[in-house]
Amino acid sequence: MRFFALFIYRPVATILIAAAITLCGILGFRLLPVAPLPQVDFPVIMVSASLPGASPETMASSVATPLERSLGRIAGVNEMTSSSSLGSTRIILEFNFDRDINGAARDVQAAINAAQSLLPGGMPSRPTYRRANPSDAPIMILTLTSESWSQGKLYDFASTQLAQTIAQIDGVGDVDVGGSSLPAVRVGLNPQALFNQGVSLDEVREAIDSANVRRPQGAIEDSVHRWQIQTNDELKTAAEYQPLIIHYNNGAAVRLGDVASVTDSVQDVRNAGMTNAKPAILLMIRKLPEANIIQTVDGIRAKLPELRAMIPAAIDLQIAQDRSPTIRASLQEVEETLAISVALVILVVFLFLRSGRATLIPAVAVPVSLIGTFAAMYLCGFSLNNLSLMALTIATGFVVDDAIVVLENIARHLEAGMKPLQAALQGTREVGFTVISMSLSLVAVFLPLLLMGGLPGRLLREFAVTLSVAIGISLVVSLTLTPMMCGWMLKSSKPRTQLRKRGVGRLLVALQQGYGTSLKWVLNHTRLVGVVFLGTVALNIWLYIAIPKTFFPEQDTGVLMGGIQADQSISFQAMRGKLQDFMKIIRDDPAVNNVTGFTGGSRVNSGMMFITLKPRGERKETAQQVIDRLRVKLAKEPGARLFLMAVQDIRVGGRQANASYQYTLLSDSLAALREWEPKIRKALSALPQLADVNSDQQDNGAEMNLIYDRDTMSRLGIDVQAANSLLNNAFGQRQISTIYQPMNQYKVVMEVDPRYTQDISALEKMFVINRDGKAIPLSYFAQWRPANAPLSVNHQGLSAASTIAFNLPTGTSLSQATEAINRTMTQLGVPPTVRGSFSGTAQVFQQTMNSQLILIVAAIATVYIVLGILYESYVHPLTILSTLPSAGVGALLALELFNAPFSLIALIGIMLLIGIVKKNAIMMVDFALEAQRSGGLTPEQAIFQACLLRFRPIMMTTLAALFGALPLVLSDGDGSELRQPLGITIVGGLVMSQLLTLYTTPVVYLFFDRLRLRFSRKNSKPVVEI
C-alpha cells in the first residue's frame, strides 16, 4: 500500500523516472546496430591448398587427408568437410558457437604447420586459411568491366588493389575475385618442333627457371663509396622470354620462340565471369561470422568513392548485388507494423473506456515501456532485427495489458463515485498481485528459451530477452506511472447506467449480459464442458502430429543464388557457352534486375550465378514463384542444369550445395559409396516431395589411363618420374617460375600449346629424352585407354562423403520431405556400410523437432512452478493452465487454414500464447479467491461474480493482444513471410481461447475446488442456484 502511495502522491518524481527511462531508451535506439536476424553465424574457417595438375584422388589422399588428421585435433570443431578437385583442396571447419574465431584461427595455423612435413613436394605455396564461410551468399558483389583492358589485367587490378583495400574494412571476412586469373607469361610448346630439335620438356622448364632468378648479389665499396650490385637476372615479359636459348643443336642455338609460342596471358585460361551480357571481373565480398551485415555494407559503400578515384577511366566499377536494401526495407516494414500495432491497441482502449483522458494513460505507458526496452537491448549487445522488433510488436499487447488491468479497475471505482486519488490507491492495491502474477508467469514462459542451446537457442534469445525486458518495464510503469496518472488526470465518472446509453458501452453491456446468461447454463452442464475441454486436448495432439513442419519460414530476400552442373566431360569452352545461355534466359525474366555469374577453375563443369530481383513493390511474384517459373525454361537447356534457390538470412553449414537442404551419405568404403549414391539419388529424384535433386558426387568424368610397360621403360633407360614429369609439363598448366613485380608476383606457366591438344592424338606426339639423350615417343612404353574418373572427392571427418542436395516444391514442408527421405532409405535396404544423415539446415531442423515438445512442456512446467509459488497452491495453477489447450487448437487450425507450416516462428507464437491466454484465468481466479475469502461466497458464486466483473478487462486485454498481432498477419511487404506465422498463430490462438476459456475456466475452477475438498475429506457445500 505504501509502495503504491509513494508514486501516486509524488507525481513529479514519477514523471521524471518515466522520462529517464524514455531518454535512455532513445539513446539506446540510436546506438543499436541493424541486422536481418540475431547473430547466429557459426564460426567457420576455410583452408585451401593447391597442387596444379594433381588429380582429385591424389589431392584427397596426399593433401586433404594429412591436413584433416591435423585439423581434426582442434578443440571445438563441430564439423569438418573437404572437397578435392583437379589441383585443389578445400577444407571447411565449422566450430561451436562458443568458440572464439580468432583463437580458432591460431589453432588452424598451428595445425597447418604441423602437417606441412606430410604434404607432397611441388606445392606452389603453403596451405592458407580464411575466416569466412564459402557457402554464404556474398553480402555485396562488385563488377569491373572495360572495353580496352584485358580480363587478366582487370583481374590483376581487382585482386592487387581493390580486394586488398576492401579486405581492410571492418567486418569484411573474404573478398573472392572471380572471372579470370592473375596475368602470367604462358609458354605454349610445339611437340613436333621440340622433337625435331631433340629438346625435352624438362630441359625447357629448367632453362626457363634458370634464366629467371632473383638472388642477392651483394655490394662493392671502397674507402669513400659503396655500390650495390644489380643484374638483369629477371625476365618479366613474353618478349623477354622468346629469345631465351634453351638448347644447342649441332652448335646452333635453339631459342624458346623456335619451339613455343610465348604470350602475355593469364595463369588459368579456364575462367570466365559475366555481368548481364558483358565479360566482367567479380569481387564477391563476404562478411566475418561475427560481423554485422548492415555496418559492413555501409563501410564498403563509404569506401566506394575512394575506390572509384583510384580506378583508371577505362574501368567501370558497379555494384551488381547488395543484400542491404531488402534488409532495410524489411526492418522498415516491421517498424511500421509496430507503429500500427500501438495505434490499434490504443484504439481498443479508447473504444472500451470511452474517455480521452483514460486513453491517454496507456498511450503514455506503452511507448515508455517499449522505448525503455531499447536501452536494455543495447546493454545486452543486441541489434534491431526482425525478431527483436517483432518481439516489441507483440509486446505492445502485453505492456498495455498491465496498464489496462490497473486502469480498468481504477475506472470501476471512479464510476462507483470514489475520489480519484483514493480510487487510484485502492484500485492498484486490489490488482497489484494480479499484475505481478501475470507478468512473472509470462516471463517464466521464456526461461526455457533462454536456456535452450544450439542455433535455435541463439536465434530466440534476443526475442525472449527483449520481450521479457519490455514486460518487466511495463510492470514497473503500470504500478507507478499508470496509477499516478489515473489519480491526477481522471475524475469521478457518470454512473454506469448512463454510460450504457452510448454505442460501444451498450454493446459491451449486452455482451456481458449475454455472457452471464450463457455462463449460468454452462455451470449447470459442467460435464458437457468437460468433454469439450478433453476434446481440445486430444485435438491439440492430433493437429500437432498432422501439421506440416519446417525449420524457418522461406524468406524472400530479393536475391537468388544458382549452381550450374553440366556433363562431367564438358569442355571449358562449352561450359562458358552454357553460362551465357543460362544468363540470357534469366535476364529476360521480367522480375530480374541483375544477374552475374562465373565458371571455371578446378571444376570445369560447374559455375555459380547470383541474381538480384526487382524490389518487392515492382514485381508481382515472390522469389519462390520466380524460381518455379524459371525452372521450366531452364530445364530446356541440354547438357547442363541450373539449380536456383532463394538466399536466406540463415544458412547452416559450410557445404556449397546447389540447393537449400542436404542429405549426406558417409562410408569408410569409397567403392560402396559410389555404388549406392546413384541408386539413392535416383530414388530421391522420383519423390514428389523433393525438387532439384542433385549430388556433389562426380565420378563419371572422362579420363585417359596411361599404363606404363615398366620392363620396356627400363630397357629404354626411362624412369617413371621422367614420364610423369613429361605429362605434368605438357598438360598440367605447370607453374615453373615466378616473376616479381612491385605490387604482386606472377607466374610463368608452361604447357603444350592448346592447338596441339585438341584430341587424344596429342599423346602420340609426346616423347621423353632417355639417359642416352635419345627422344623416345610415349607410345613406345605406354598404352592408354579411356575410362571414367572422379572430378571431385569429398570427405566429412575422415570418411568418404557424398551430399545429395534438394529444394522443396511449392506447398511442401521440410518435415514432409525428411519423412519421405527416411522412408525411402528404409525401403532401399541400404547396407550399414553406407550411413545417411541430414546436414546443414535440415540437420538443425531434425534437432529442433526433437526438442520442441520438451521446450513447450518445460515452459508450462516453469509457469506452473511460478504460479504455484505465487498462489501457495498446487491446484490453482492447473486451473489457470487449463486455458492452454484451446489456444493451441486455435493456433494450429489457423496455420492449417493459411497453409503455413509449423516453424520456429510459429513455436514462438505458441510460447507467447502460453503467456497471453492464462491472463484471463488469472484475473478470474484472483477475484474468485478474494470473493471467497473476504465476501464469504461459495465457489460457484465467487467464480460467477469474478467472470462478470472481469469480463470487460478480459475483453480489453484479449482484443489488445489480438489487434497488436493483427498487423503481422496482414503485412505483405518485405519480410512479411517471416512475420505472418507469428501473427497467424497468436490471432488464431486468441480467438479460439476467448471463445472457450470464458466457459471452461469456471468449470475447471469448480472441478478442482471440489477435488480439493474431497481429498481434504470435507463435505462440499450445496450448489447455490445463480
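Note: Cβ is positioned from N, Cα and C throughout, glycine not excepted.
Positions annotated as transmembrane segment by Swiss-Prot, on the basis of sequence analysis: 15-35, 333-353, 360-380, 387-407, 431-451, 463-483, 528-548, 853-873, 897-917, 953-973, 984-1004.
Annotation: stretch 463-483 has the most Cβ pairs under 8 Å to the transmembrane segment (387-407), among 360-380, 463-483, 897-917, 953-973, 984-1004.
Between the transmembrane segment (897-917) and the stretches 15-35, 463-483, 528-548, it is 528-548 that has the most C-beta pairs under 8 angstroms. The stretch from 333-353, 360-380, 463-483, 984-1004 with the most CB pairs below 8 A to the transmembrane segment (953-973) is 333-353. At the 8 Å Cβ threshold, with sequence separation of at least 6, the transmembrane segment (853-873) comes into contact with the transmembrane segment (431-451) through 3 or more pairs.
For the transmembrane segment (15-35), same-chain residues at least 6 beyond its ends with a Cβ under 8 Å from one of its own Cβ atoms are 292-295, 327-328, 331, 364, 367-368, 370-379, 382-385, 473, 477, 480-481, 484.
Sequence-remote contacts of a segment are chain residues at least 6 beyond its ends whose Cβ falls under 8 Å from one of its Cβ atoms, and for the transmembrane segment (333-353) they are 359, 362-363, 366-367, 370, 386, 389-390, 392-393, 396-397, 400, 404, 407-408, 411, 504, 508, 952, 955-956, 959-960, 963-968, 971, 973-976, 979.
Between the transmembrane segment (431-451) and the stretches 360-380, 463-483, 528-548, 984-1004, it is 463-483 that has the most C-beta pairs under 8 angstroms. Within its own chain, the transmembrane segment (984-1004) has Cβ neighbours under 8 Å at 394, 515, 518-519, 522-523, 526, 529-530, 532-533, 536, 878-879, 882-883, 886-895, 897-898, 900, 905-906, 908-910, 912-913, 916-917, 920-921, 924-925, 943-944, 947, 951, 954, 958, 961-962, 965-966, 968-969, counting only residues six or more beyond its boundaries.
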